[in-house]
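For reference, the structure is listed below as structure tokens.
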Amino acid sequence: MIQVHNLSKTYNNGVKVLNVESLEIPKGQSFGLVGNNGAGKTTFFSLLLDLIQPSSGHIINNNVQVNTSEAWKPFTAAFIDESFLIGYLTAEEYFYFIGELRNQNKADVDTLLAKHEEFFNGEILKSKKYLRDLSKGNMKKVGIIAALIGNPEVVILDEPFANLDPTTVNRLKKIIKELADDTNTTVLVSSHDLVHTVEVCNRIVALNKGEIVKDIQTSPETLKELEAFFAV
Amino acid sequence: MFKHFIWLEWKSFLRSASFGTNLAMKIIMGLVALYFLACFAILGTTVYFILDKEGFEPLQTVNKFMIYYFAVDLLIRYFLQKMPVMNIRPLLTLPIKKGTIVHFSLGKTALSFFNWTHALFFIPFTIVLLIKGYGYQAILWNIAMFALVYFNNFINILINNKDAVFYSVLAVFAGLGLTHYYNIFDITAYTQPFFQGMYDTNYLFLLPVLFLIAAYYFSFQFFKSNLNLDEGLAKKSEVAQTENYTWLEQFGTLGTFLKNDIRLLRRNKRSKTTLIMSVVFVFYGLLFFTSSIEAYDNPAMKVFAGIFVSGGFLFTFGQFIPSWDSAYYQLLMSQNIPYKEYIKSKWWLMVIGTVISTLLASFYLYFGIHTYLIVVVAAIFNIGVNSHLVMLGGAFVKTPIDLTTSKQAFGDKQAFNVKTMLIAIPKMALPMVLYAAGYYLFSPNIGLLFVALAGVIGFLFRDYVFSKIEKIYKSEKYATIAAYKQKN
């Protein structure tokens, strides 16, 4: 589904923040990206969404080269951070707005929202609050569900577990696992939290200073291996 | 302690996102500022002689209009003067007394441009008074005037963000001005003796000084008691209402964007200020069409007025496309957005704004059908030509807009800035030249026709311009995203 070729990103000051020679993510995989701060996780996702320009190489998403064509947009959805939310809208208005851009009618969006009512924990819908006034955790919930609108084939979530309460983390794991079980959907998740990532992903790639240092299929030993790698 | 504050201020000034990014604009703004400074200083020096020559007693005449001088000063401050923004939140947990923080924040405003420019008028004027033998009382008068300037400074801080208070004050002064103009009631008959008293007596000047001390005291108390994260520095959240605007759905994707833009305009402090400015612009034409100012009383200037009257919204809103969406530009760029529909939606919004302004301006019919036709052809020109120019300019602006800026007690009001006006100037020149050409070569009506024709021709290029703008959006995409990520 996603192929990475000689991808690198170097900033003006000469610092190379990402350098991935080759990476292939097959369709339907749930792909976990782990690493410390500055490892290049968000940079990789930003390149995948064509929000920044690669210094060399390119990414192919479902046969579309992302930095030259925009044809990847209809089947790719992402939530990176709060800048993906429109602060002056209510949650419902935001979901419908995204829905309309993804050719979903109101009923489609409502069905999806109803399915995730538990995840919202009664704090999002009909809360009479604009998104800018929600807490960080609740913003995150809105962003994650909005990324699921329109059954995208590629779902990208940057640090989805951060800022969420323990109950919501477990509910989110359930949602991601469901997506992972769907062979049509490729899920890409990044996290600092090894335990969460191992639990929901069937493949884990560890980044360190922009380079891939581990690429493993999840097995009972994966967590130990990763913990050993990140141990001080 | 103050040494540290000043160090912080200096760093924040040097490192602010807007500094140095656009050197050319900085230089032009510097020149404009110099021009205004020179005007003020020349006014201060010559006003005595002008008034004297016209047979007025200079000081008494100046005092007569002082009430309006200070009212206008307050108006300008309310819209343009930035509040004492010091990044206060991180200081709260440091071992600094609250009083010190507030004193510094308030003291900083004393050095503002909006205070010391007055010196350029008052000091030369006072020096002339002294030379002309007005005696030491002229200095007392000068002290009183400065006390009032600073009084305004702190009043502005106190009423900042209290739109209700401000607009009632504005309404009172506008009413007084109108009743004065039509000789119904002359407020200056009562205020002139007060200002004159600053000179005539040796003690009355203490009154403004006391006002100033009181205003400072209240500002200090107000900020000190509000210096908590849950009060003065808290974000106020309002009860949200869901508006679906289902009738817009018939327009497809265009409707989706229009819906969002209407919400954007209605729900953010920053954009609301834009709406208010547009209404103010409608009345701007009064200065021109009433023939009250000699320099404005010529055909070209009337078209200039017409452009502003009908295009207030177009200019104030349009110049910041797509910056209005800067907060969530990354989202838009990762969605399947048809650029053309996005641009079209903004364009329609400007067209609707222009039409509403033109309808609001129908009271200019009072000055004759030709006057109103000037506004109407200017509106056609605005829609046909200026809307495109404004959006082309906006595509390069890349200033992130914080829609919620004035949400905080110490927020800064930048909704209406000087840069805005500068970018707008070239868009005035063309219709003025066209109208003047028609007016002098043929007849006034031919002049109108020229301007309208230019608008219609511009309109024919709409799709071409839209695809140009689309190309700019695409080629500037990475730079724009990077610029919008920088927050002040």
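Note that Cβ sites are derived from N, Cα and C of the backbone, with glycine treated the same way.
A TrEMBL annotation is a machine prediction, not a hand-curated record.
As the structure is a computational prediction, the values presented were derived from the model and not from experiment.
Of the given residue ranges B:62-80, B:423-441, TrEMBL assigns the label transmembrane segment to B:62-80. The stretches the transmembrane segment (B:202-220) and the transmembrane segment (B:347-367) do not meet in space: the count of Cβ pairs below 8 angstroms, excluding pairs fewer than 6 apart in sequence, stays at fewer than three. Contact between the transmembrane segment (B:373-397) and the transmembrane segment (B:303-326) is present: at least three CB pairs lie under 8 Å, with pairs separated by 6 or more positions in sequence. Only pairs six or more apart in sequence are counted, and the transmembrane segment (B:101-128) with the transmembrane segment (B:27-50) gives three or more Cβ pairs under 8 Å, enough to call it a contact. Per-stretch counts of Cβ pairs under 8 Å to the transmembrane segment (B:303-326) identify B:347-367 as the leading one among B:27-50, B:347-367, B:446-465.
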